[in-house]
């Protein structure tokens, strides 16, 4: 009888498999593979080699704390000559004496997560078991049978493999972009993402059920949406805060990447990191989903409605002086960010595959938990409010009507309705380019089109009862060129009288500093014209000067000023409202790269910023990071104040680890100028072979 097989070594071929599965940037010390795609391991036996017909080889793969075959968290399969579809398989590739090359493959519906791999070798009645090591299995956007399959290679590179991106902010009238280091392949990030799954409340409640559902990106997306915020006291990653008091943490505007946030969360023992706002929640969720293999992108909706009572109407109240009053919990955010993830929806009727909206910012509860989605973007566009998950809330974010109630001194209220204010310029980064792609058409039909009215009717929203008021007077607010931080600037109310007679009116213009979520601060400009005569079929403009000395001390991290114009006609008592959010532009950070950009070769970055204010900047800090370029974050604190019109500057050495296109990202903070962002694309040449 042949002596039993004894395994001497096993090579999981981490480097080779990583290249073939596009996971090599996660490191060569662990095996990370994508489901449905074969990976190769090498077995070296001591003494004699494997003999077909004499020896039997089988493999066990297990994931989770209580693996069970019926739950899909354990599989036992034997070595064969050809792979089997739809199940785990092991195929003999090559034998050289005592060395065996075996190709293993998971089904395209396998559970994602960390697996234990075991070899069972038997000869006759003798048998031994050998632990071969652990590996991590991810979703596979390259496999046609995977639920996250994405057809175009350039889209897979952008939405799964790209570690850097741009997030759109500012206002509808002045869209800005901020760089973000997603860093899903950076050290520790994969382990942190898996840990997030293993401490989520659904796992703690029923470990077997939770692990059995990890083959479904819909389920994973819902878990991640809940775990990125901490509002359910579930060991979530980020604590949200919107009141401009961030002294005991980080201002949301100061972050430039997810890596620092996720590492802090782990270092804190899975306690919330302070603080996040919508783009931070969305960016961290995007990192986690890309890390797990799900195509994901951050999306920005301008003039985003927060409809708390579900009636698809946002009620806002203004005093006679144009000051906003808080009588409703409904809000309009200058912008709001969420994540889109690409996946099929076999849990729904046909037609809802593709991009799904996931919103980890804690706003409203869904099934008792602060999470939102996945909501099929197609269902949002069609007004299919009964489709899972959370369609009514997202539908309102992009479609709600806005009603301004002007509260008069005697308590009487006048109504001014605006039905095409919400859901503008829905934006995401273009594939392969640093430019903005407008995806509004994927969420809604053109404003005022017959199809749009049809969708509203389906959403059981009687839009006709709120028809846009056709006043004979019309008003809009325009901005003079360049509202630069540190400078004075003008805004103009343009008023047109489209009637045949002269109108006597009162105009009030009010400017206040504001946060991006619609909250307003102190007044920084006001004008009250008691007797404004408007000639028939004429337009005239009224300027309002806004001074830095008035807005500067109260400007929030969002660099926003909200201008409200209220025009009241004396004869009828009717009012017209116009509102504009003005974005105050920060100075540019200039970045120069010195040296030949090559892998493993030292480079120098020269970083400069001019102080545009008429007063010194104190406590100046530069924070620099870039996936594949820097080892974590670099922080440079300047010793001296930066005088008016002087430069804040420093030089930094770094050694790029990875070839290809990368972004070097910079954040600047000081006592009077905060959240200033800049980036430079750097193409790193590979090492000569």
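Just so it is clear, glycine is given a Cβ too, placed from its N, Cα and C backbone atoms.
A quick note: this is a predicted structure, and the numbers were derived from the prediction, not measured.
It is 427-453, from the ranges 400-426, 427-453, 454-480, 481-507, that Swiss-Prot records as region 'Disordered'. In three-state terms derived from DSSP, residue 278 (active site) belongs to a helical segment. Residue counts of the compositional bias 'Basic and acidic residues' (431-441) by helix, strand and coil are 2 helix, 3 strand, 6 coil (DSSP-based).
Most Cβ neighbours within 10 Å, among the recorded positions 336, 476, 478, 580: 336 holds that distinction in the structure as shown.
Here the CA atom of residue 516 (site 'Important for catalytic activity') lies 12 Å from the CA atom of residue 580 (GTP binding site).
With residue 478 (GTP binding site) as the anchor, the candidate recorded positions are 278, 336, 359, 516, and the one with the nearest CA is 516. The Cβ neighbour count for residue 516 (site 'Important for catalytic activity'), using a 10 Å radius over every protein chain in view, is 27. For the pair formed by residue 582 (GTP binding site) and residue 278 (active site), distance between Cα atoms is given as 20 Å, rounded to the nearest Å.
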